[in-house]
């Protein structure tokens, strides 16, 4: 390829968008990558489309685009992903936060206010915290919450701790398998989780960017995708208070099965299955009293 000495920003974006589309990648990555290289926001980028890139900037931009086309998620290349307006540090030890999970958090914030009124003194656990995005966001949006974030992965907890410090979120991090560390020791008002829920049979349909780079332990939930829900739900009676709010992110089409799993133990629970912005089942909320 010709060296783009003096290439304009708009030319670089056009090249990258076309190159990405040719290789079945999201063309919007071009803008994210160039903003990262230039360390500017979207408004600044759009205002400077006719500015020229230096040769070093162009090479850095090309490198990111080529690496992404080869399969590496752009978030791992940049080292962060935006969630709730904050840039969370990510690496291959953690699942990349998704917009759907922002919807889970929004739903939890609304229901905490609805069912409890005040957050004062409420104990919350985020199971399988990964980057800490859910736990940290809940703490920052509702500072009165007492938030614990757990994960079985030491590597994930390192990233979650880095993010908690980055945003000044006073949360407690616990290493352990699901709710096991808390049985007989701690009870919670609020339980939230985005566990692995992709059925193993769906692996072949996933993008190589996802299945070859994000941690499998954070993606797959057994043959039907429900293994982690079964385990968490069986542990709930041992860790919830008399009144408790639960919230799960789920895969499309899993809502009814999870409703039935919960009602086996809590027949009177008020269960909601909520669709995401794309009209797919994505959240299950339940209030136990």
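A Cβ is built for glycine as well, from the same backbone N, Cα and C atoms used for every other residue.
On a predicted model such as this, the values are computed, not experimentally measured, just so you know.
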Among 48, 194, which residue does TrEMBL name as a further S-adenosyl-L-methionine binder in the site formed by 128, 129, 130, 131, 132, 151?
194
Mean per-residue pLDDT computed across the domain 'Release factor glutamine methyltransferase N-terminal' (11-79):
95
Rounded to whole angstrom, what's the largest C-alpha distance between any two of 128, 129, 130, 131, 132, 151, 194, listed as binding S-adenosyl-L-methionine?
12
Spatial neighbours, same chain, of residue 195 (substrate binding site) - Cβ under 8 Å, 6+ residues apart:
127, 128, 221, 228, 229, 232, 248, 249
